[in-house]
Amino acid sequence: MLMHLSLIINTLISIFLFQIPMAFVVALLFCSAIFFSSFSQGNALSLNYYTKTCPDVEYVIAQVVREATMKDKTVPAALLRMHFHDCFIRVIKYFHLIYGFFLFFFWANLFDLLKGCDGSVLLNSKGGNKAEKDGPPNVSLHAFYVIDSAKKAVEAKCPGIVSCADILALAARDAVVLAGGPTWDVPKGRKDGRISKASETVQLPAPTFNISQLQQSFSQRGLSMEDLVALSGGHTLGFSHCSSFQNRLHNFNSTHDIDPTLHPSIAASLRSICPIKNKAKNAGTNMDPSSATFDNNYYKLTLQKKSLFSSDQALLTIPKTKDLVSKYASSKEAFNTAFVNSMIKMSSITGGQEVRKDCRVVN
């Protein structure tokens, strides 16, 4: 609907300014409406998508994730982060397109093709193409073998039916549940993408972002400030390398060596782990003391100025997001509800084209 409205408004402006022939305008709007409608319907998600074609898919995937988690407690955090990084690449990106008709020109804001949660983060680099998983923000992603194992198990039951993108979305949900978090019904029917470029990982929101940058990043994906705060709660799980918060520990700005919004005791501890000339490749720390448990401790730490990232502390810089941090810190139930709603919203951004046979390579 927003796509159609944007196109109509800009077209009306163009008609007024440049006297565009009405026949051309009508044809353009008609073709655009058909394109966007077909695209949306072709990628519609449903809770019952596999009811007839692969009824046991969720059970099969849950079993694989459970077995992997029993052997490695870092798997839940890895799968949740992997899903998030899959969904945040090349989605709802505006661009200006110049149309020409004889001597008349006009422009319209259009949406780039939605990509989002299409399993592109699972693809391997090939030839001259460096894939997303090898981009700087993704080199620390792991547990891809869990998705491979789930795909193998699902293919044994329902060959050629379930996409890798859906497997990742379901595995991320199962990971949260196994870590003690809430469960939810995952809409299904995603298709797998055929494009994966490491260069596009620059679109991921960085741990150094301020609140304006975070707001822009999320709004470009149709996500609100409420979604930003709720999804940031995923930082309750996992481990972070020094590179993600080093900016707060040394040479912060011209006035302060250490970020003044970072609690002094935490700053001292982190500086001992991450010295200015750190050479330990895997140096870092857990996201919070209960890093294998999905809880609301992240929000409590943020209020205490003990969160790791600049982007975490940025949530306290405006009243709206600060109030939400306080709300979730005081109520795990409120956080769980918000997180589920935002996960469903984020994971419903889709735009793939196929169902891969192997999650690491296109068909």
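Backbone N, Cα and C define each Cβ position, glycine as well.
Positions annotated as domain 'Plant heme peroxidase family profile' by TrEMBL: 44-363.
Taken from TrEMBL, the feature site 'Transition state stabilizer' applies to Arg81. A simple way to gauge crowding: the CB of Arg81 (site 'Transition state stabilizer') has 22 other CB atoms within 10 angstroms, across all the protein chains here.
Sequence-distant contacts (6 or more apart, same chain, Cβ under 8 Å) of His85 (active site, proton acceptor) comprise Val121, Glu132, Pro137, Asn138, Leu141, Thr201, Leu204. Per TrEMBL, the feature active site, proton acceptor maps to His85.
According to TrEMBL, the Ca(2+) 1 binding site annotation covers Asp86, Gly116, Asp118, Ser120, Glu132.
Of all Cβ atoms in the shown protein chains, 19 besides its own fall within 10 Å of the Cβ of Pro205 (substrate binding site). According to TrEMBL, the substrate binding site annotation covers Pro205.
Among the features that TrEMBL reports, heme b binding site is placed at His235.
The 10 Å shell around the Cβ of Asp288 (Ca(2+) 2 binding site) contains 21 further Cβ atoms across the protein chains shown. According to TrEMBL, the Ca(2+) 2 binding site annotation covers Thr236, Asp288, Asp295.
For Asp118 (Ca(2+) 1 binding site), the same-chain residues that are 6 or more apart in sequence and have a Cβ closer than 8 Å to its Cβ are Asp86, Ala165, Arg190, Lys191, Asp192, Gly193, Thr350, Gly351, Gly352. Spatially, by CA atoms, the recorded positions Arg81, Gly116, Ser120, Pro205 include one closest to Thr236 (Ca(2+) 2 binding site), and that is Arg81. Counting in whole angstrom, Ser120 (Ca(2+) 1 binding site) lies 17 from Pro205 (substrate binding site) by their C-alpha atoms.
Cβ atoms within 8 Å of the centroid of the Cβ atoms of Thr236, Asp288, Asp295 (the Ca(2+) 2 site) belong to the same-chain residues Gly233, His235, Leu237, Met287, Ser290, Ser291, Thr293, Phe294, Asn296, Asn297, Tyr298, Leu301, site residues excluded.
Each of the binding-site residues Asp86, Glu132, Asp295 was scored by how many other Cβ atoms lie within 10 Å of its Cβ, and the smallest score goes to Asp295.
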